[in-house]
Amino acid sequence: MSENHLLSSNSAPHSDVEDIKRKSDYLRGSLAETLEDRISGSIPEDDNRLMKFHGSYMQDDRDLRNERSKQKLEPAYQFMVRVRAAGGVVTPEQWLMMDDIAQQFANGTIRLTTRQSFQLHGVIKWNMKQVIQEVNEALLSTLAACGDVNRNVMCNPNPYESEVHQEVYEWAKKISNHLDPRTRAYHEIWLDEEKVVDSRDEVEQEPIYGPVYLPRKFKIGIAVPPANDVDVFSQDLGFIAIHEEGRLLGFNVAVGGGMGMTHGDPKTYPQVARVIGFVTPEQVLEVAEKTVMIQRDYGDRAVRKHARFKYTIDDRGIEWFIHELEQRLGWELEQVRPYHFEHNGDRYGWVKGSDDNWHFTLFIQNGRVKDEDNYLLKSGLREIAKVHTGDFRLTPNQNLLIGNVTSEKKPEIEQIIQAYGLTDGATYSALRRNSMACVSLPTCGLAMAEAERYLPTLLDEIELILDEAGLRDEEIVIRMTGCPNGCARPALAEISFIGKAVGKYNMYLGGGFSGNRLNKLYRENIGEAEILNELRPILNRYAKEREEGEHFGDFVIRAGYVKEVRSGLDFHE
């Protein structure tokens, strides 16, 4: 372990969060005792910081804050529980168990995330232990779904080449398992494992992370060209599968992406990962491990908003990182192999894999699986899960793929889809099919404006403009978040809105259609009327003046609405 890393937990400048981690005894803290407390629905701040590593955030229902305050009641505290599934793949049995948990202990809905995870909202403190135990009984886990560790490893879920996809998915699982925290705290606190005195030194207890873990979260994704649905350039560490004739040759390695920033602070910015070389499949785990350890040793532990891997690389330079990585590996990366991305969206409807199995991708608006009066989505999926013999795959765009349907089972699945009116989005605009929003209000404590609850309404209005312009079937990527943390990867969208205040958004234009370019601020702090007034002339002009095959994000740059952003370092210029 490097000298830098040893200093990071003690004498070097560090934030209060670093002290909490260092004193936590490998993520134990006082969580076990806190969960027994029935006086309050909340937990102390130190334990709340540690709870993230265990897969949960404390939240409250912000819609009820004022009313509860008037009644002199504490906020309506609740917990969001995030469930990891590498590559987003789960069995029908696991889907049914998640459905049961959501119905019994959460708010009755399942939220599919932009990192191919499940989120359960509205879990109260005294049900937390049972929820996490039941998640583990389903052979899933919440460990490291949040916190300063490697998060859920993403992987392209919709195969063009089934054999290649399966191989890539296996590597996603291996990376995830390899980078899991080794502490037994999770098993002791949630799964009633008996605590024993651990005489191992810190290197043995957490060989990759050490006692203070990483400076901030770390995200890994694997893309399978021509699809960039995982938004590989948004990842701290991305692997781009290189394959030909159904055979996986290896991966190009991309480093230093990230979406989060802080309003009003130009020292923070989104960034795209840079492709630095090629590795064989057998070298992937070592590259992932060494990259994480470099961030562990050199990431900023004093200022958390400057602690992501993108800043470590930008501060020191990409050549420094390549040299440091190759020194630790003891070998050099190979030259980057050619690759090509065509889009970062999902392929809806039925797709036949090269193994003759079928895959059906449902459009799920903003990832919220629930039953409504006129659309029983959750019930329909439950019926499918009862008879399905393949798998379910959560997509990076918050949709759901019913995977590996045999030709024999396909008619039965189709019948349920039709009976419940489950949609692949074919009747919606292409803009809506390429839309994403984060959860935001009322549960996210960071939200400055609406996102999930508002974007569908805004899209209704934008679709009227699309109809005027004849663009209803034009693929345009649009995203909305309630704050600048970037959960829906808004900085890569052709059109994006980032919440600034209630009903007000910063509007960005010019992201790359395939997720390869950042967008640029176009208008600041505007509401719905201004948004529509700004978009109408641009969309109409695009309809009339676009070149053949020209995407909207490319057009707004060519037409001079915004400048092209080649690097996050230029994002605020």
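Note: Cβ is positioned from N, Cα and C throughout, glycine not excepted.
Look at Swiss-Prot and you will find 1-21 tagged as region 'Disordered'.
For 1-13, the entry in Swiss-Prot reads compositional bias 'Polar residues'.
DSSP assigns CYS483 ([4Fe-4S] cluster binding site) to coil in the three-state reduction, outside any helix or strand. Counting Cβ atoms from all protein chains shown, CYS483 ([4Fe-4S] cluster binding site) has 22 others lying within 10 Å of its own Cβ. Taken from Swiss-Prot, the feature [4Fe-4S] cluster binding site covers CYS438, CYS444, CYS483, CYS487.
Around the Cβ of CYS487 ([4Fe-4S] cluster binding site), the same chain contributes THR113, THR114, MET259, CYS438, VAL439, THR481, each under 8 angstroms and 6 or more positions distant in sequence. According to Swiss-Prot, the feature siroheme binding site maps to CYS487, an assignment based on sequence analysis.
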- Item | Other C-beta atoms that fall within 10 angstroms of the C-beta of CYS438 ([4Fe-4S] cluster binding site) | 29
- Query: Including all protein chains displayed, how many Cβ atoms other than that of CYS444 ([4Fe-4S] cluster binding site) lie within 10 Å of its Cβ?
  - Reply: 22
- Item | CB-centroid shell, 8 A cutoff, [4Fe-4S] cluster site CYS438, CYS444, CYS483, CYS487, site residues removed | VAL439, SER440, LEU446, ALA447, ALA451, THR481, GLY482, ASN485, ALA488
